[in-house]
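Engineer: Quick one: the structure is below, questions incoming.
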Amino acid sequence: MTGLYTADQVRTAEEPVLARTPGGALMQRAATGLATACLRLVGRAVGVRVTLLVGAGDNGGDALWAGAALAGRGAAVTALLLDPGRAHAAGLAALRRAGGRVVTDAAAAGLGRADLVLDGITGIGGRGGLRPAAADAVARAVAGPGLLVAVDVPSGVDADTGAVEGEAFPAQHTVTFGAVKVGLVVGEGRGHAGVVHLVDLGLDLPAPAARQLTDADVAALLPDPGAGDDKYSQGVVGVHAGSATYPGAAVLCTGAALRTRPGLVRYAGTAADGVRAAWPEAIVTDGRPADAGRVQAWVVGPGGGTDDEARSVLAEVLATDLPVLVDADALTLVSREPQLVRDRTAPTVLTPHDREFTRLGFDLGADRVGAARAAAAALGATVLLKGDATVVADADGTVFVNGTGTPWLATAGTGDVLSGVVGALLATGLPAVEAAAAGAHLHGRAGQLAAAAGPLIASDVVAHLPAAVHRLTDRVR
Ligand SMILES: NC(=O)C1=CN([C@@H]2O[C@H](COP(=O)(O)OP(=O)(O)OC[C@H]3O[C@@H](n4cnc5c(N)ncnc54)[C@H](O)[C@@H]3O)[C@@H](O)[C@H]2O)[C@@H](O)CC1
Ligand SMILES: [K+]
């Protein structure tokens with residue numbers, strides 16, 4: 001599990017270390033870690049051309065000290081001071097001592113031929129997007145050949161939310177200090193941070209603001225069936241989705257549930273013929289959910305319509321004391337009658353995309369973690385807000401940010417697949433927030449495996465779920 005932290009949490013955790021260590025010691029740890037990471041990334045120091053983009057605060061200090069270390073090992077280092085009067089004095093002196101060049105004109109900073117560019121414009125103290133001089137330097141860096149490495153946080157990215165107002169540094173790698181900041185893995189920040197490397201500063205950190213599951217975490221939540229298990233004991237999931245005219249959502253959702261946890265899937269609805277033809281393993285009825293037989297969790301909504309019949313099915317399922325995943329058309333119905341969810345005591349997972357989220361009546365600004373958390377608290381439910389980095393928030397404030405996936409997953413039907421995956425995990429008895437977060441992780445991994453063969457369609461994601469489970473658990477089933 002990776003803990004994700006806010007800038008304030010990191011600053012608070014730094015205070016006792018700053019108080020008990022000599023001045024500058026923490027920055028030395030940060031800069032040494034940064035220089036080491038850069039050496040690993042470029043492979044050598046001698047003759048490597050490095051440009052430092054240096055802002056007015058300690059983030060620039062980190063870049064200057066790391067630049068001094070690289071210069072000391074034979075790199076040709078140029079520092080571009082964006083706010084010359086306020087550059088970190090000790091770092092600047094160290095760079096000069098090590099033989100680095102210092103310039104104030106972006107055209108003279110060697111960005112057109114740099115091997116490595118370090119972005120030390122702003123870190124956790126940055127506010128708003130890049131200012132014009134910084135934006136000009138960053139544009140030159142992007143146009144040049146150098147590897148783009150952000151120091152602590154890509155400048156212009158809000159460390160807490162991932163929001164980008166205007167422009168930000170599009171890093172290929174981010175070397176971050178003390179703790180991974182929330183803004184590096186969510187929203188626009190995720191795309192700007194590239195690969196995140198953590199330099200341990202030995203901070204005593206509090207409970208994280210949010211979390212990210214690893215493959216090992218998800219494997220631990222998906223135990224192999226034991227010798228005593230039968231088709232019922234692995235969790236039976238019920239699916240109500242699709243329609244006679246549009247059976248696709250039902251087929252994808254049922255297939256995903258089967259491929260995630262192939263104990264037993266019961267389907268109820270008017271797409272029965274289509275589901276029967278695609279998945280002979282499912283137990284199918286064209287009746288109502290109550291006709292389906294016993295299940296441990298329900299998935300309701302994908303392709304199910306929003307008419308009176310769909311509303312009555314949703315109300316029937318939500319009136320049970322079972323975990324329920326509410327998706328797609330059923331979210332539209334909930335937006336009309338949120339008390340259907342609010343009145344429940346059993347777990348409910350809602351899986352909106354952005355438009356469905358706002359339709360539910362919640363503001364969706366650039367702070368996706370905050371928005372999902374607020375919606376979960378208001379509804380007393382688990383909210384899985386889909387996106388490039390899917391956010392899962394529980395009513396108690398627990399948040400997971402998903403780290404897997406591929407842009408290729410932005411295609412029709414993958415949401416139906418996700419619902420089936422999470423539904424299957426809910427039926428195993430996992431707490432709703434864990435089922436949702438693990439399901440998002442697994443769905444993302446299946447998407448990555450499918451995309452390795454080229455552009456994917458939703459059925460490919462279903463087909464790759466067993467391999468994704470196998471990869472996570474590294475065991476043959
Ligand atoms: N506190 C510490 O002891 C440590 C801090 N470290 C580094 O220090 C950073 C935080 O340093 P600071 O608090 O000095 O803040 P930053 O260096 O992140 O930025 C603050 C400075 O940038 C200016 N600024 C804010 N927004 C700007 C924008 N959009 N464009 C241009 N300039 C802008 C501010 O006026 C201020 O002078 C961390 O991100 C990390 O890199 C590390 O060295 C580890 C130790
Ligand atoms: K930075």
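Just so you know, glycine gets a Cβ as well, placed from its N, Cα and C.
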Engineer: Look at the AMP binding annotation in TrEMBL, where K386, G387, D388, A389, T390 are given, and name the residue from G361, G415, G420, G423 listed for that site too.
Structural biologist: G415
Engineer: Would you mind checking how many other C-beta atoms are within 10 angstroms of the C-beta on I124 ((6S)-NADPHX binding site)?
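Structural biologist: So the Cβ neighbour count for I124 ((6S)-NADPHX binding site) comes to 24.
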Engineer: Per-residue pLDDT averaged over the domain 'YjeF N-terminal' (4-209) comes to what?
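Structural biologist: Mean pLDDT for the domain 'YjeF N-terminal' (4-209): 98.
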Engineer: A 10 Å Cβ contact count, applied to the binding-site residues D58, D119, D152, D388: which residue has the minimum?
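Structural biologist: Each of the binding-site residues D58, D119, D152, D388 was scored by Cβ atoms within 10 Å; lowest is D388.
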Engineer: I'd like to know which of the binding-site residues D152, K386, G387, D388 sit within 10 A of D119 (K(+) binding site) at the Cα level.
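Structural biologist: Cα filter at 10 Å returns D152.
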Engineer: Could you check which of the binding-site residues (D58, G61, R127) sits closest to G415 (AMP binding site), going Cα to Cα?
Structural biologist: R127
Engineer: For the recorded K(+) site, enumerate neighbouring residues of the same chain (Cβ within 8 Å of the Cβ centroid of N59, D119, S155, site residues themselves excluded), in sequence order.
Structural biologist: L53, G55, G60, A63, G120, I121, T122, G123, G126, A150, V151, D152, V153, P154, F169
